């Protein structure tokens, strides 16, 4: 009877989780979605103006470096008027 109880417990715990192919498919879809969030694309090779954000399944997620304007602090002098 104990063996039957242990066997049933094992069967129920194993059957409750997602199967390996379903889990892998879900992970790949999440990676592709994250790649799109950073405005990237999953493709075989990145161009020179792109960097590898991470890998979507087998191909890299290529994201474009964002151009940021340099911050220029203007130096202004105040003339004292008397």
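Every residue gets a Cβ built from N, Cα and C, even glycine.
Now, the feature entries from Swiss-Prot:
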SIGNAL    1-16  signal peptide
DISULFID  35-61  disulfide bond
DISULFID  42-56  disulfide bond
DISULFID  46-62  disulfide bond
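Neighbours of residue 56 (disulfide bond), defined as other CB atoms within 10 A of its CB across all chains, total 23. When the disulfide-bonded residues 35, 56, 61 are screened for a Cα within 10 A of the Cα of residue 46 (disulfide bond), the ones that qualify are 61. The two recorded residues, residue 35 (disulfide bond) and residue 56 (disulfide bond), show a Cα separation of 8 Å. Counting in whole angstrom, residue 56 (disulfide bond) lies 10 from residue 62 (disulfide bond) by their C-alpha atoms. Residue 42 (disulfide bond) counts 19 other C-beta atoms within 10 Å of its own C-beta, drawing on all protein chains shown. Residue 62 (disulfide bond) sits 6 Å from residue 42 (disulfide bond), counting Cα to Cα.
A strand conformation is recorded for residue 61 (disulfide bond) in the three-state DSSP classification. In sequence order, 31, 34, 35, 38, 40, 41, 42, 52, 53, 54, 55 constitute the residues six or more apart from residue 61 (disulfide bond) in its chain with CB-CB distances below 8 Å. According to its DSSP assignment, residue 46 (disulfide bond) is coil. Using a 10 Å Cβ-Cβ cutoff, residue 35 (disulfide bond) registers 22 neighbours.
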